[in-house]
Amino acid sequence: MTGATIWLTGLPSAGKTTIAHEVAGRLRAGGRRTEVLDGDEIREFLSAGLGFSREDRHTNVQRIGFVAELLASHGVTVLVPVIAPYADSREAVRERHRAAGTAFAEVHVATPVEVCSERDVKGLYAKQAAGEISGLTGVDDPYEAPVTPDLRIESQGQTVAESADAVWGLLAERGLV
Ligand SMILES: Nc1ncnc2c1ncn2[C@@H]1O[C@H](COP(=O)(O)OP(=O)(O)OP(=O)(O)O)[C@@H](O)[C@H]1O
Ligand SMILES: [Mg+2]
């Protein structure tokens, strides 16, 4: 089976993790070997010790990209719901896949910040507003939105199933399901 890395980039609470798990469930049901490399879990282990500076965010994304490519090169469909705020970091991951001949697609979960801060799944927007934290992506830390993603999802006003359908459509179009 052909593996692939599907990177879901977007702001906190945009819907990356939710969509990734919905798609992963469908892939598994179809008999595909699938992994979800989620930012929060990765930061506990693979990226333990890294913070949220530009440099550390870059390193975090490169490490995840490295593991994703390894898995994908062995036939796993890897979903990566990780913010990855910097365009050059994402480009380096794409280049690593291109050089290895491994399929890669970038999905921009482009939920507007107003909707994300309303959802505020982890309470980060509220904490930032209260001055308890700083450096929140899209609020007081940069988010460089992809200019030409392979797919853009406007999750606001869409069900999770509809957003997952869009990713599924991309996979189908590329012969990856
Ligand atoms: N179409 C949709 N797709 C994805 N999530 C949606 C959609 N509509 C509503 N939601 C809701 O939005 C929230 C998205 O939270 P989720 O944890 O997936 O965001 P995230 O992008 O992974 O954030 P973080 O970067 O903080 O991990 C969930 O509560 C989900 O149910
Ligand atoms: Mg998440």
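Note that Cβ sites are derived from N, Cα and C of the backbone, with glycine treated the same way.
Annotation comment: TrEMBL describes 3-153 as domain 'APS kinase'.
The ATP binding site annotation in TrEMBL covers Gly10, Leu11, Pro12, Ser13, Ala14, Gly15, Lys16, Thr17. Spatially close to Ser13 (ATP binding site) yet at least six residues away along the chain are Thr111, Cys116, Ser117, Arg119, Asp120, Val121, Lys122, Leu124, Tyr125, judged by Cβ distances under 8 angstroms. Ser13 (ATP binding site) carries neither a helix nor a strand DSSP state and counts as coil.
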* To do: Output: those binding-site residues from Leu11, Gly15, Lys16, Thr17 whose CB lies less than 6 Å from an atom of ligand 1, in sequence order; none if no residue fits.
  => Gly15, Lys16, Thr17
* Asked: Between the binding-site residues Gly10, Pro12, Gly15, where is the Cβ count within 10 Å the lowest?
  -> Pro12
* 8 Å Cβ shell about Gly10, Leu11, Pro12, Ser13, Ala14, Gly15, Lys16, Thr17 centroid, ATP site members excluded -> Leu8, Pro81, Ile83, Val109, Thr111, Cys116
* If you count other Cβ atoms within 10 Å of each one's Cβ, which of the binding-site residues Leu11, Ala14 has the most? -> Ala14
* May I ask which of the binding-site residues Gly10, Ala14, Lys16, Thr17 have a CB within less than 6 Å of any atom of ligand 2, listed in sequence order? => Lys16, Thr17
